[in-house]
Amino acid sequence: MTFDTRSICIACWVSVPGQWVCAGMIQLVGLVWELNSQQQRSVHTQMMADSSPLTTHVLNTGDGVPAARMALSLHRLDSNLMIWSLLTVGTTNEDGRCPKIIERKDFIPGMYKLRFETGSYWESLGQTCFYPYVEVVFSIHDLEQKFHLPLLMSRFSYSTYRGS
């Protein structure tokens, strides 16, 4: 890794009776961060290993806020037995996201189901809803892609789409 930094700091001072006070500082920085190709591959590989190949973002569109603290679960269909196998459970964070739903090593081609516990979420807000849960079923074929599955919901409706 090589760094080339050039920095100029400019202080802005103002006179207050009897003293000088720094009103702020402007820093002009030129930073070039170069990685050789092997380091770039290593950083990319680590980022891919650390990131979930499947992400979600749940938004409470009725209130215009992220759906924080919503329970969810990920399942994969066993094509031989034709039953759903639970892979993982999680809870959305304050931004309505659930990082690390599944690790890349556990993500294989197949049919998946992401179940959102919408009834419990609305109940925690002291409200009722029409849909007690939402299940989104989707197929994975190309493991090289990243899959984003947002859920937009209110107490009486929901929609989802394949995001990027």
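Backbone N, Cα and C atoms are what each Cβ position is placed from, and that goes for glycine too.
What TrEMBL lists as substrate binding site is H57, R97, Y161.
Per TrEMBL, the feature domain 'Transthyretin/hydroxyisourate hydrolase' maps to 49-163. In this model, the domain 'Transthyretin/hydroxyisourate hydrolase' (49-163) carries an average pLDDT of 95.
For H57 (substrate binding site), applying a Cβ distance below 8 Å and a minimum sequence separation of six or more within one chain yields P66, D95, G96, R97, H148, P150, L151, G163. The substrate site in the record is lined by H57, R97, Y161, and its two most distant CA atoms lie 15 Å apart.
Close to the recorded substrate site, the chain also has T55, T56, V58, L59, G96, H148, L149, P150, L151, G163: residues not among H57, R97, Y161 whose Cβ is within 8 Å of the site's Cβ mean position.
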